[in-house]
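Working notes for the structure below.
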Amino acid sequence: MSYHKSSGTILMVPLFMLLISVNYFMSCNAQLSTTFYDTTCPTALSTIRTSIRSSVSSNRRNAALVIRLLFHDCFVQGCDASLLLSGAGSERASPANDGVLGYEVIDAAKAAVERVCPGVVSCADILAVAARDASVAVGGPSWTVRLGRRDSTTSNAAQAATDLPRGNMVLSQLISNFANKGLNTREMVALSGSHTLGQARCIRFRGRIYNSTLRIEPNFNRSLSQACPPTGNDATLRPLDLVTPNSFDNNYYRNLVTSRGLLISDQVLFNADSTDSIVTEYVNNPATFAADFAAAMVKMSEIGVVTGTSGIVRTLCGNPS
């Protein structure tokens, strides 16, 4: 068999494959709709909203947990609820997802929906809607969620290890990591603003204290050092936003400007580099941050969706059936 081809033909192969990939992505997203459950489960959205409001009301930290669940799901294998699957070899069991919590919040929302519309609404859609409702519940922005995602039947722990961003990444690594998912630098900075909510463990921010040349405010450094020594206390929690950790606002960015970002991947966003201007804009214009965050969440929540006759609608989000 001969493999001699003209240079023009060789160039056409990757272009052809790129067009196929783009068309497939557009086709999948085209099957999403805001009216997807209007006839099959008209109370789906209100049922999810009530469940999430109740969960966040009982513990405001749940808002951060739910938003993080969506992020970790979408970055590995797409927004297909693969993260929610339990068992050996699953994304959920990956060390990269160690410390990810809140699965019971989605399970409760799923159970509530199953009571009114059994076997209709996917876990992937419930997670996407729940993240939006969690944001609203703590004073954050709302956004339109297009529906019609299906649930995957597989989950990949190894892919979680390679695809998820890490708390010790430098700026160039973060930009590349998000670009791999079709998200630009501004969207990366906006989505990082979800760290206005939630907490991180000592094992995740220890490098910020002892192994980083990034600027760190002295009193903040002293406080972190006391809570998180060079060894031990791995599970000690500290808020990602030390000012208003349970409310959605722009204080996360204000903290970065004063060198009080908890993770290395936080502080690199404001470190005399290309993203400083975006951080400054979000400090000065909280409405711009809220709008950009909402738009980025919409885009992220449609990464790699499973639609149509592909995938399934799980009865229990943790089981592949």
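A Cβ is built for glycine as well, from the same backbone N, Cα and C atoms used for every other residue.
Residues annotated as active site, proton acceptor in Swiss-Prot: His72. In sequence order, Leu83, Glu91, Asn97, Val100, Ala160, Leu164 constitute the residues six or more apart from His72 (active site, proton acceptor) in its chain with CB-CB distances below 8 Å.
DSSP classifies Val76 (Ca(2+) 1 binding site) as coil under the three-state reduction. Within the same chain, residues at least six positions away from Val76 (Ca(2+) 1 binding site) with a Cβ under 8 Å of its Cβ are Ser82, Leu83, Glu91, Asn156, Gln159, Ala160, Asp163, Leu164. Feature annotation from Swiss-Prot assigns Ca(2+) 1 binding site to Asp73, Val76, Gly78, Asp80, Ser82.
Annotation comment: Swiss-Prot describes Pro165 as substrate binding site, evidence class sequence analysis. In sequence order, Phe75, Gln173, Leu174, Asn177, Phe178, Ser265 are the residues near Pro165 (substrate binding site), counting only same-chain partners six or more apart with C-beta under 8 A. DSSP assigns Pro165 (substrate binding site) to coil, not to a helix or a strand.
For Gln31, the entry in Swiss-Prot reads pyrrolidone carboxylic acid, with the evidence type experimental evidence. Other Cβ atoms within 10 Å of the Cβ of Gln31 (pyrrolidone carboxylic acid) number 17 in total over all chains.
Under the heading site 'Transition state stabilizer', Swiss-Prot lists Arg68, citing sequence analysis as support. Following the DSSP three-state reduction, the secondary structure of Arg68 (site 'Transition state stabilizer') is helix.
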Problem - C-beta crowding around Gly78 (Ca(2+) 1 binding site), within 10 angstroms - result: 19
Exercise for the section: Show which residues of the chain containing Asp80 (Ca(2+) 1 binding site), separated from it by at least 6 in sequence, have their CB under 8 Å from its CB. Expected result: Asp73, Ala124, Arg149, Arg150, Asp151, Ser152, Gly304, Val305, Val306, Gly311
Exercise for the section: Identify, in sequence order, the residues in the chain of Arg68 (site 'Transition state stabilizer') that are 6 or more apart from it along the sequence and have a CB within less than 8 Å of its CB; answer 'none' if there are none. Expected result: Val100, Gly102, Ser194, Gly198
Exercise for the section: Provide, as an integer number of angstrom, the distance between the C-alpha atoms of Gly78 (Ca(2+) 1 binding site) and Gln31 (pyrrolidone carboxylic acid). Expected result: 15
Practice task
Run through the Cβ atoms and count how many others sit within 10 Å of the one on Asp73 (Ca(2+) 1 binding site).
Solution key: 33
